[in-house]
Structure formats: structure tokens, C-alpha cells
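Read through the structure below, which is laid out as C-alpha cells, and then see the notes.
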Amino acid sequence: MTKDTHLTFRQFMLQEYRKHDVSKDLIFLLEDIATACRTISHKIRSGAFSGTLGATEETNVQGETQKQLDVIANDQFMLHCANCSRVAALVSEELDNVVWLKDEAKAGDYIIYFDPLDGSSNLELNVSVGSIFSIVELKEPISDLTDASVLISGSEQICAGYSLYGPSTSLVVTTGHGVNGFTHLNGTGEFLLTFPDMQVPAETSEYAINASRQRFWEPPVARYVQECLAGEDGPRGRRFNMRWVASMVAEVHRILTRGGVFLYPQDSENADMGGRLRLLYEANPMGFIIEQAGGRASTGTQRIMNVNPDDLHQRVPVILGSRDEVDLIDAYHAEARKG
Ligand code: AFP
């Protein structure tokens, strides 16, 4: 691979500006986010030397122990996102409340939601982790700068993306005109377009679920997995493969690359919280990306991007990936509701 045969991130985004009128401010903001991701990638790769792979003594608002790199990654996102004068507010998995960067938020300003380091329990294992982000453009000014004023449905997103810190560092972005994947070229430091127009195949024979939670599953999910496990002799008439990385970014990247379905459903243990994964900075951006690549993203009962948020750190059930599989799991939920 050489630089000459691949568009740089900036070249690609300027094409998007010409073709789809993507705002230049959004392009500058995405370049700042790309810088944050490059820096986080470097800090993860050097974490074993700097002694930063382990935990802090703090817990975040979710009650989860923060890793040192969770804090470092959060600082990078805060620093680089604040660079854009159109950003009015930042919402992070690692922070209890909204950080307002302005005294008043105007129509056209951006709200950025992010999980700076998803899957951080994998850090010491040298297994892939990632950052996830979502951007909403305000249609109306906000006079009352409270946490409640950024509870905006995922259908309002104008951009979403993630960076995957794996054997190479990827940046995958949608601005609502398909999904494009870039790879960080060591040496020049640029993200180059390596996976244009990513598509989730409609059909798949691969699913991802934390099977250790089987005893808590609700009937539609138990039924779906049971039928996959039955293989050629079961109702699906074919074998299914299973994967579980415990890092949503890695699971979504696999689904964008070769198809599949990912489930973190509501179950009897997490029902009180509404599920496991967070709506604003995990489920919504991943839902937008998967839909833009031709897949579907559902809670089992509704489209994820149509969920009306009522809390900054709200959790939701997540079922996303190849369209036919998500349709089938939704149909099992509908049948279960009818009894
Ligand atoms: P962490 O960021 O706390 O490691 O959580 C990762 C995650 O939110 C998501 O990336 C995984 O799909 C899921 O949680 C893993 O959950 P399990 O611990 O049940 O495997």
C-alpha cells in the first residue's frame, strides 16, 4: 500500500464537501477527532512502557472502574473537540455531566457524544479496543444549558464514527452518505481511504453474543441462538459461527467487513438498567453506521435511532448487523409479545 494509491482523509472529505455539501466546519472537526484518535492509538501502543494499561482508583458515573487510558483518551477527545468553534457541548461516557463550551448554544452548533475508550477491559490483554463518537447539529438554539437539553434522538445525528485500535488503527466514518474506512499509515501519520463504501451483507451465518449470560436471556433471544446452534438439522438449515471480543468496536468492524449480527440484549439481570450498552455514545453512533452500510440496528422492539433519550447515560438493548438476521430477531420479539 502506498500513499499514492489512496486518498487521504482530507482529500476524501473535500470530495464529500463537493458532492454532498458536507460542511467545512464538520470536516475540520473530523480532522481534530482523527488527531485525537491517532494520539490515543499511540498512547495505547506505548502503554506497557508508560505503565498506563492498568486501573485508576476512580469509578465513572456508571460505577465502572476507570482505566488510566480511559482518562487519557477522554482528555484527548476533550482537548481536540474543543478546538472547533461550532462545538457547543461534549458528552462523554467518562463524565457525569455535559461539558458546555459556550454560554449559549446556537442553531447550527454541534453536540459531540463519545465513548473515548470502549472495551477498555481488554487493554492489559493487548486485544482490540476503540473510540466511538456521534455528532448532532442543533436545529434550534438552546437557552437552558442543562444535561436535559442534549437528550436528542439518534435520528438527528449528522455524523458518527469510530476508531479501532487493533493490529492497525482504523477510522470509520459516516456523514449520512455511506460508510468509509480509513487506515492509519505509520510514518506519514495520515489516515488513508482503504475501505470505501463499506456494506453489511444482508445475509450472514455469524453471530456475536456473550453466551455466559444465557441463563438471563429472554425467550426471543434464547430461541434465535438455539436455532443457530442447531446447525444444518435445525430450522435455519445451516451452520452458524460465533464470536465474542467484548469490544463493541471490534465486533462492529467485523460485521462491516464480513457481515454478522451483534446482540447485547436486555435480559433478566440488566433489565432494571434497560440493557448494558449506552444509547447516546455507543448504540446511536453504531446504529447510524450500520444503517448507512445497509444493515439494521434495533432494540428488539424499535429502531435504536428512534429511541427518545431520557438520561445522559441511558442504556438500551442492542441488536445490530445484517438486515435479515435483525429482522428475524425482531420478528421473534414481536411473536413473544403476542404470546
Ligand atoms: P468496557 O468498555 O467497560 O470494557 O465495556 C465494553 C462494552 O461496553 C462493549 O464494548 C462490549 O460489547 C461489552 O461492553 C462487553 O460486555 P461483557 O463484559 O458482558 O462481555
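These residue numbers are counts, starting from 1, taken along the chain as shown.
Any Cβ shown, glycine's included, is placed from N, Cα and C.
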Message: Using only what TrEMBL says about Mg(2+) 1 binding by Asp115, Leu117, identify which of Glu93, Glu94, Glu137 is listed for that site too.
response: Glu93
Of the candidates Glu232, Glu251, Glu269, Glu282, the one that TrEMBL places in the Mg(2+) 2 site of Asp115, Asp118: Glu282
Query: Hey, does DSSP put Glu93 (Mg(2+) 1 binding site) in a helix, a strand, or just coil?
result: coil
- request: Specify all same-chain residues, apart from the site residues Glu93, Asp115, Leu117, whose Cβ lies within 8 angstroms of the center of the Cβ atoms of the Mg(2+) 1 site, ordered by sequence.
  value: Asp70, Ala73, Asn74, Ser92, Glu94, Phe114, Pro116, Asp118, Ser120, Ser131, Ile132, Tyr281, Glu282
Field: For Asn210 (substrate binding site), the three-state class that DSSP assigns
entry: coil
Query: To test your reading of the Mg(2+) 2 site: which residues beyond Asp115, Asp118, Glu282, same chain only, put their Cβ within 8 Å of the Cβ centroid of those residues?
result: Glu93, Phe114, Gly119, Gly130, Ser131, Ile132, Met248, Val249, Leu277, Arg278, Tyr281
